[in-house]
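Asker: Dumping what Swiss-Prot says about this protein:
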DOMAIN    25-176  domain 'Helicase ATP-binding'
BINDING   G38, A39, T40, G41, T42, G43, K44, T45  ATP binding site
MOTIF     91-114  motif 'Beta-hairpin'
DOMAIN    429-591  domain 'Helicase C-terminal'
DOMAIN    639-674  domain 'UVR'
Amino acid sequence: MPEYKLQAPYTPKGDQPAAIKGLVGGVNDGEKFQTLLGATGTGKTFTIANLIAQTGRPALVLAHNKTLAAQLCNELREFFPDNAVEYFISYYDYYQPEAYVPVSDTYIAKTSSINEEIDMLRHSATRSLFERDDVIVVASISCIYGLGIPSEYLKASVKFQVGQSIDLRSCLRSLVSNQYTRNDIEISRGRFRVRGDVLEIGPAYDDRLVRLELFGDEVESISYVDPTTGEILNKLDSINIYPAKHFVTPKDRLDSAIKAIKKELKDRLEFLNQEGKLLEAQRLEQRTIYDLEMLKEVGYCNGVENYARHLSGREPGSAPECLIDYFPKDWLLLIDESHVTCPQLRAMYNGDQARKKVLIDHGFRLPSAADNRPLKDIEFWNKAKQTVFISATPGDWELSQSTKNIVEQVIRPTGVLDPLVEVRPTHGQVDDLLFEIRKRASKNQRILVTTLTKRMAEDLTDYLSENKIRVRYLHSEIHSIERIEIIQDLRLGEYDVLVGVNLLREGLDLPEVSLVVILDADKEGFLRAQRSLIQTIGRAARHVEGLALLYADKMTDSMAKAISETERRREIQNIYNIEHGITPKPAGKKASNSILSFLEISRRLNQDGSTDDFVDIADKLIEHSAKDSDSGVSLESLPELIEKLESKMKIKAKDLDFEKAAILRDRIKKLRHRLVGR
């Protein structure tokens, strides 16, 4: 059993001890499904951390979006600094899937942009699953998409040991076949170089270099090396170099795949010609033959994922291998905000197949392209072992699966009660809202306002801004990483009010928010359903002066149930506080930069843009990191940032733009000074 070392400055309190005991008992008894029904702010993540530590199993924590996944990853890394807490989300900065619109005869080619840092974290996750037992992977729904074959990925890895005799030429060929490229001038992730008796590799799973020093054919030493300074960071006895891509296809399987694709093409062309679809047949033949030539010559083609079934040797309709298949047999699945995440699991497959069917019917893809897909709902649950659903408002399906194995967590360790709920008439609501905002802002408290439409949110934001209110507007078109920055600025007090539609409900840890305002609360629908109202009200549940204002002209069933549940919890919490002599106190949790914020900074530094932009970023990080590691990018992240800045500095110097290069040099010195002071 792996040993998890849970580190926290506090012990379980309130309902946490009973919840932990109940969940651990259920896991040890082999219960397939359990539900942690935990009110907002009751410390569900800490409860889950204790569950993982006490059961000692590798765990997959599933979140429904990148923002929540980043928050969970950060929290779990704080609880388990000595264990492997990994982060696995979609590595696309931008993704436009291949599609065809028959009405306008418009073909849309696939376009995408891969975030190298997130790709590195994905590789780090699978590496940890192969090499360690104490692994927690925090993932988004993207983990149910195909991810190569774990056994082939592991088999293709190259192992080096000190004292081992190797054939250097053979090793280099193995690296190339594993999709590493040789570059003796500049080395980075996915590259290697040879200098005399020294082989340096940029592994896919790390931003450090691996240096192998040889004496003849013998490996004399193995070490991790700083890619910028060349400084040896630590020595190793052995190391596995995993492929640069998760999709590994041996030569014999590639040959078999090409034969299978040719056979499928022949059968499909016969079918299309019999149906009189001559244009579709010609289109399919032309595209597929070109792809086959590319596969034969270079082992790759654009859209190669559409041939994934053949390349992996799967049967038609069979489930693809995904992240779950990299886990050992005995693992634990934890689904956060399950009332949102579980419906997502069910929807992913249907949405993917609808798009693929159009492409197949019109001759853009072979029928086997439909097997390049996410898992079906039933396939996912067949792969899953023991599951714990986590939500303040679990869905009916989760509750029905858990039956008697439902653990409730209502008491907050801080003693803070659920917010008071007031229903006020809509007449004069804007002026009333303005008064409440000013009252809260004067106390340095934050306010969330939810509307039904984007237009209403925009108009309200403009009105509040005209009345000298520091306000921002959050909408669905904002990139997930930028969304984190907006929420971060709210916590740091850059502004007081955040207006949104459906972006403020689940999983956001905002202890500074004391007032939540719900406009048009009596308009029944998805955004004003019982669960949505409870979740939105819960955004003020971390503040001692928490208040939820519902503007409505009538009391709907959803409103009545949401208010009743909030009052029930509030009464339980109040009685507990009185019996134990507890005085509610604020959570006092500092705002901290998420892992995604740093990845976004790295992405912007990698893009072509004005030097002033990334100099400003460096200045901001210097300012934040000088305060303390919680208010800015962590010190552990600074080496990679320095490397990015140094790369830009060299480019400017090469372009003879010495003035801007000197500015960057000065910023780098300040960041290095911060590192030395650790």
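Using N, Cα and C of the backbone, Cβ positions are placed for all residues, glycine too.
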Asker: As a test of the contact definition, list every same-chain residue at least 6 positions from T42 (ATP binding site) whose Cβ is closer than 8 Å to its Cβ.
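Answerer: Expected: G14, D15, Q16, Q409, V410, I411, R412, P413.
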Asker: Using the Cβ center of G38, A39, T40, G41, T42, G43, K44, T45 as the ATP site position, which other residues in that chain lie within 8 Å, going by their Cβ?
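Answerer: Counting only non-site residues, the set is T47, A392, Q409, R412.
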Asker: Given the binding-site residues T40, T45, which one's Cβ is surrounded by the fewest other Cβ atoms within 10 Å?
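Answerer: With the binding-site residues T40, T45, fewest surrounding Cβ atoms within 10 Å: T45.
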Asker: Within 10 Å of the Cβ of G38 (ATP binding site), how many other Cβ atoms are there?
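Answerer: Its Cβ shell of radius 10 Å holds 24 other Cβ atoms.
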Asker: Look up T45 (ATP binding site) in the DSSP assignment and report helix, strand or coil.
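Answerer: Going by the DSSP assignment, T45 (ATP binding site) falls within a helical segment, counted as helix.
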Asker: I'd like the Cβ neighbour count for K44 (ATP binding site), meaning other Cβ atoms within 10 Å of its Cβ, all protein chains included.
Answerer: 23
Asker: Can you check how the pLDDT averages out over the domain 'UVR' (639-674)?
Answerer: 73
Asker: For G41 (ATP binding site), which residues of its chain lie six or more apart in sequence with Cβ-Cβ distance below 8 Å?
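Answerer: In sequence order, the residues whose Cβ lies under 8 Å from that of G41 (ATP binding site) (at least 6 apart) are R412, T414, V416, P511, G538, A541, R542, A587.
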Asker: Does G43 (ATP binding site) have same-chain partners at least 6 apart in sequence with Cβ under 8 Å from its own Cβ, and which are they?
Answerer: K13, G14, Q16, Q409, R412, P413
Asker: With DSSP as the reference, give the number of residues of the motif 'Beta-hairpin' (91-114) in helix, strand and coil.
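Answerer: Each residue of the motif 'Beta-hairpin' (91-114) counted once, the result is 0 helix, 15 strand, 9 coil.
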